[in-house]
Amino acid sequence: MQTLKVELGERSYPIHIGEGLLDQPELLTPHIVGRQVAIVSNTTVAPLYLERLTQTLAGYNVLPIVLPDGEAFKNWETLQTIFDGLLTARHDRRTTVIALGGGVIGDMAGFAAACYQRGVNFIQIPTTLLSQVDSSVGGKTGINHPLGKNMVGAFYQPSVVLIDTASLNTLPERELSAGLAEVIKYGLICDEPFLTWLEEHVDALRGLDQAALTVAIERSCAAKALVVGADERESGVRATLNLGHTFGHAIETHMGYGVWLHGEAVAAGTVMALEMSSRLGWISTQERDRGIRLFQRAGLPVVPPQDMTQDNFLEHMAIDKKVIDGRLRLVLLRRMGEAVITDEYPKEVLQATLVADYRALVDQLRG
């Protein structure tokens, strides 16, 4: 087992990474403040791991709250289901809410914990690669709004993140690839040697090699923890973690939540960010193509939806948390391994990026 730490003063917390951690109560019980525990999961994950976790928490008053699975349910109505469960069971301010699932469950359970009786204890047990390397670390919680993704939420840190890498053995291939999009992101924005490592090990990662997965998770979480410790509320450097997300969120919103997985939209969105960085002369076309090839090898889409127009993108991108005073800030690559957030770019470069023929670009790479 490896343990990292998110340094936030009195609110610092550990990230435990290893195989079989779900069965080790000593990693959880020090972070549970009362006798009441609510485990929030979904209809896919609960049959696999809910009973095991309940056994690990023997002696506690455990309340299971099982939600429907999918991004389409990351909304106010489903959030109310969590509150209904907590109130009906008379959970008090010393309850602990545990998120057992992927990013959707973590975001909603965390938001519920932030709101319930103005804040109760919260623990993250992420079961997908995407949630293990990204959404479980850093305290971002929330739900989607019909007009924009993650537009309603709060910063609310967990007291511990428990990453059992064995849970990836039950993860569908498509979900695994979606998680790799966020892993690749770290190499692009802050760790080019990691990008090289990923190029050498992407096949092992897709083959569920435990050693390779552990390295990828550790390096991703270490990068995320460092950034969050420096900028918890995304007033500066933390925004660079959103490489590809402005374009990607537009894709998710336009297509309908859940049609494209978040990681799939991030991959296509990052290709657009690479294209724009190349058009600005910040990275070469060869470096752009290097990123595209890695996403392809990870089994991810690299072409935005063909029916999305420039106006579609601009409409959705106008409703983005990085918009300040009406100006859209974008995360782009100054060079491979170094990201910046900026609103200083020629409008025509953004327009050219939105109308670029990505299908032809990918076909050219195949040739």
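Count begins at 1; order follows the chain as displayed.
Glycine too: its Cβ is placed from the backbone N, Cα and C atoms.
The DSSP secondary structure for F73 (NAD(+) binding site) is helix. Taking the Cβ of F73 (NAD(+) binding site) as reference, residues of its chain lying under 8 Å away and at least six apart in sequence are, in sequence order, L67, V104. Here Swiss-Prot flags 69-74, 103-107, 127-128, K140, K149 as NAD(+) binding site.
Around H245 (Zn(2+) binding site), a 10 Å sphere centred on its CB holds 26 further CB atoms from the protein chains shown. The Zn(2+) binding site annotation in Swiss-Prot covers E182, H245, H262.
Cβ neighbour count for K149 (NAD(+) binding site): 24 (other Cβ atoms within 10 Å of its Cβ, all protein chains included).
Listed in sequence order, the residues L130, D134, A181, K185, G244, G248, G263, A265, V266 complete the 8 Å Cβ shell around the Zn(2+) site centroid, once E182, H245, H262 themselves are left out. Cα-Cα distance from G103 (NAD(+) binding site) to H262 (Zn(2+) binding site): 9 Å (rounded to the nearest whole number). Taking CA atoms as the reference points, K149 (NAD(+) binding site) and H262 (Zn(2+) binding site) are 10 Å apart.
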